[in-house]
Amino acid sequence: MGAPPGYRPSAWVHLLHQLPRADFQLRPVPSGFAPRDQEYQQALLLVAALAGLGLGLSLIFIAVYLIRFCCCRPPEPPGAKSPPPGGGCVTWSCIAALLVGCAGIGIGFYGNSETSDGVSQLSSALQHANHTLSTIDDLVLETVERLGEAVRTELTTLEEVLSERVELVAATRGARRQAEAAAQHLQGLAFWQGVSLSPVQVAEDVTFVEEYRWLAYVLLLLLVLLVCLFTLLGLAKQSKWLVVVMTAMSLLVLVLSWGSMGLEAATAVGLSDFCSNPDTYVLNLTQEETGISSDILNYYFLCNQAVSNPFQQRLTLSQRALASIHSQLQGLEREASPQFPAAQKPLLSLEETLNVTERSFHQLVALLHCRSLHKDYGSALRGLCEDALEGLLFLMLFSLLSAGALATTLCSLPRAWALFPPSDDYDDTDDDDPFNPQESKRFVQWQSSI
């Protein structure tokens, strides 16, 4: 199938699409996008479950490390006041992990923004497509009503005025038949009229979900940022109660990070399957929801020379009918105006109606061409399969970095907490500790003595 203009599946789409998939029985599952298929749903759930496995391994590692730290720690010599050496190394490792987490937060904000931009582009494309479809329906309705009004009023009046000339009455009735035929042909061009599926409603639903997704990620990013900052503050002030609280919060955020990573991974894999061949799924789904013929849908979704315009015959017949009406009105104006002055007014009104109808017809021809709607289709795919997918990958990187940083922090904080001096004995803190308050006090005293 022909790709929409400007859209080509990216390298990330190909890479994620080629990853193996399996159901709960570990049987291979095809990578074609089939969200209603139970085996495909199980494959995506299994991808999300890998994050749960990562969370379990992280918790086991942290538990084993802390148990070893508590049970295998050598006893302190009697009367020892200074903490064991290496406190600075423990503190610096915790600081490094927190700085990595802060870098991941920046990546997360960028990914969240990219995903939001992609969804916004999808929503804008759907709204523009809805505007095009609504304009087609409105133009067809107005044109058909205008021709019907001309048949009921001007042509009827003209027949009454020209009743004395049989050949002129015949020409008038011929124009009536052509107007009715043109209206009938034009009425079949409103292919979206009466369809329950509304692109603007889909756009509103997508925007509604995206707003809550964006807000949820902003809150998660801010929560991770606050945990990192307050943990650094607790290390700087050597506040035991703050470190204990941040340890509990780090455990909570660790669970949230792995959970968000599972959702992101499953969504990215499913989105890559859709983006590798979107035409087939979108065409089948649209035909199922709207009941529109496959010829029309193929014309707009593919828009290439291999697919003919399904409206070409109706457009040709309508154009011929309008040209015939125009020719007959010109003949009536030449023959009837000198002999029947009363025919001048309906003829002028008919001529004006015909000119407006021809302008609307040419506008319809432009709107019915596949270029406009196919361009919207390509824009929607680029927003979803390029910006949104790229944003999801950055969010996955954020989740991975924050999970690793928080796991390291959870291993380091209890050791750092154990190295904190009692509140009444700050003079015995480790000289290697970068947050040693006595070192800061000595530095201030040295400056004042200069």
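Backbone N, Cα and C define each Cβ position, glycine as well.
Note that the structure is predicted; figures quoted are calculated from it, not measured.
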Next item on the list: Tell me, from Cys275, Cys303, Cys411, which cysteine Swiss-Prot puts in a disulphide with Cys370.
Entry: Cys303
Check: Which candidate, Cys228, Cys385, does Swiss-Prot give as the disulfide partner of Cys275?
Finding: Cys385
Item checked: Swiss-Prot topology check: Glu39, Ser412 same side of membrane -> no
Next item on the list: In whole Å, note down how far the CA of Asn355 (N-linked glycosylation site) lies from the CA of Asn130 (N-linked glycosylation site).
Entry: 27
Next item on the list: Between the Cα atoms of Arg165 (site 'Essential for the formation of the channel-pore') and Asn284 (N-linked glycosylation site), find the distance and write it as a whole number of Å.
Entry: 58
Next item on the list: For Asn284 (N-linked glycosylation site), list the number of other Cβ atoms lying within 10 Å of its Cβ atom.
Entry: 12
Notebook entry, point to check: For the glycosylation sites listed here (Asn130, Asn355), which one has the lowest count of neighbouring CB atoms within 10 Å of its own CB?
Noted result: Asn355
Next item on the list: Report, as numbers and ranges, which residues of the same chain sit near the topological domain 'Extracellular' (1-43): CB under 8 Å and 6 or more residues beyond its ends.
Entry: 268-270, 272-277, 279-281, 301-304, 306, 374-375, 377-379, 381-382, 385-386, 389-390, 393
Next item on the list: Within 10 Å of the Cβ of Arg165 (site 'Essential for the formation of the channel-pore'), how many other Cβ atoms can you find? Include all protein chains, please.
Entry: 16
